[in-house]
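The transmembrane segment feature in TrEMBL is assigned to 33-57, 69-90, 110-128, 148-171, 219-237, 249-268, 280-302. Here TrEMBL flags 49-300 as domain 'G-protein coupled receptors family 1 profile'.
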Amino acid sequence: LRSPPMMAVVNHTSLQSASFLLMGIPGLEELHIWLSIPFCLMYIAAVFGNSILFFVIVTEQSLHEPMYLFLAMLAVADLVLSSSTVPKALSVFWSLSKEMSFHACLTQMFFAHVSFIAESTILLTMAFDRYIAICHPLRYAAVFTRSVMAKIGLAAIARGFFVIFPTIFLLRRLPYCGHKLMPHTYCEHMGIARLACADIAVNIWYGFATTLLSPGVDILLIGVSYVLILRAVFRLSSKEAQLKAVRTCSSHACVIAMFYTPAFFSFFTHRFGHNIPIHVHILLANLYMLLPPMLNPIVYTVKNKLIREKVSRIFFKHGQ
C-alpha cells in the first residue's frame with residue numbers, strides 16, 4: 001500500500017490537534033476585568049432588548065405587518081450576532097477559558113459572519129420597504145405579501161450561508177504548524193488564516209471580495225434608495241407629510257449608521273491600517289458585534305409609538 005503524501009499527513013494532524021488560545025486584547029490585559037463590565041452590560045441589554053422586541057412582535061397580531069416583521073428578523077440576527085461572540089470574549093476576559101478547538105473556532109466564525117451578512121441583507125430590504133412605502137404606497141400591499149416576507153427571511157440566511165461556507169474549506173486546507181496564540185476575543189476568518197504557516201493570498205482576496213460584494217453592495221444600494229426617498233419626500237406639498245416621511249426613515253437611518261460604521265472601519269483598519277494599534281482594531285471588531293444589537297431595539301422602541309405602547313403594556317401587566 002502507498003503511504004499518503006507527507007503534506008497530507010501534516011495537514012490532517014494539524015487539523016485534528018489544532019486548538020487556539022484567545023489572548024483577548026493584547027496590550028490591555030490588565031484592563032480585561034474592567035472591560036468585561038461594559039461588555040457584559042451591553043450584552044445583557046442586547047439579549048433582553050431583542051428578546052422583548054421579538055416577543056412583542058410575534059405575540060401581537062396588530063404588529064404582523066412587513067415593517068414589524070423585518071424588525072423581528074433583525075432582532076433574531078442581532079441575538080445570533082452577539083451571542084456567537086460575546087460569551088466567549090467574557091470568558092477570555094475573566095480567564096475562565098481561553099482555549100478553543102479548531103472546529104469550535106470555525107463554528108463561531110461561521111455563525112458570526114453569517115448573522116452579520118443576514119443582518120446586512122435585512123437592512124437593505126428594509127430600505128427597499130421604506131422606498132416602496134413612500135414612493136409607491138399603492139403597490140406596497142402587493143409587493144410585501146406574507147409569502148414574500150418568508151422568502152426574504154430565507155434569502156437573508158441563504159445568502160450568508162453561501163458567502164461564508166467556502167471560508168470553512170479555505171481554512172481547513174491550511175497547515176497551522178502548532179501556532180496557537182490568537183490576538184483576539186473571538187474567531188474570525190482572517191484571524192484564523194493569519195495563524196497558518198502557508199500562503200493565505202486566496203483567503204485574503206476572498207475575504208476582501210465578500211466584504212465588498214456583501215455589505216459593500218448593500219450600503220451602496222441603501223444609499224441609492226435613500227436618495228430616491230429624499231427626492232420623493234421633498235416633492236410632497238405638505239410640510240406635515242414631509243416630516244412624517246422623514247420620521248419614518250430616521251430610525252432605520254440611525255440603525256444603518258450604527259451597524260456599518262464600526263464594521264467598515266474595522267475591516268479597512270484590519271487590511272490597510274497597519275499603523276493602527278492592534279488593540280484599537282480588536283475593540284472596533286467587538287464594537288460592531290455589540291453596539292448595533294444593544295441599540296437597535298432601543299432606537300425602534302423609542303421611535304415607534306405602537307411598539308412603545310405594546311412594550312409598556314407588557315411591563316405594566318407584569319408590574320401589577
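Along the chain as shown, the residues are counted starting at 1.
Backbone N, Cα and C atoms are what each Cβ position is placed from, and that goes for glycine too.
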Fill in the blank from the handout: Most Cβ pairs under 8 Å to the transmembrane segment (69-90), of 33-57, 110-128, 148-171, 219-237, 280-302, goes to 33-57
Problem - Long-range environment of the transmembrane segment (219-237) - Cβ separation under 8 angstroms, sequence gap at least 6 - result: 123-124, 127-128, 130-131, 134-135, 245-246, 249, 253, 256, 260, 264
Problem - Criterion met for the transmembrane segment (280-302) and the transmembrane segment (148-171) (at least three Cβ pairs under 8 Å) - result: no
Problem - Long-range environment of the transmembrane segment (33-57) - Cβ separation under 8 angstroms, sequence gap at least 6 - result: 25, 63-64, 68-69, 71-72, 75-76, 78-79, 82-83, 86-87, 89-90, 93-94, 286, 290-291, 293-294, 296-298, 300-301, 307, 310-311, 314
Completion exercise
Long-range CB partners for the transmembrane segment (110-128) (under 8 A, at least six residues beyond its ends), listed in sequence order, are 67, 70, 73-74, 77-78, 80-81, 84-85, 152, 155-157, 159-161, 163-165, 167-168, 186-189, 214-215, 218, 221-222, 225-226, 252, 255-256, 259-260, 263, 288-289, 292
Fill in the blank from the handout: Given the transmembrane segment (249-268), its same-chain partners at Cβ distance under 8 Å and 6+ residues beyond its ends are 74, 116, 119-120, 123, 126-127, 130, 134, 211, 215, 219, 222, 226, 229, 281, 284-285, 287-288, 291-292, 295-296, 299-300, 303-304
Practice task
Restricting attention to the domain 'G-protein coupled receptors family 1 profile' (49-300), give the mean pLDDT.
Solution key: 87
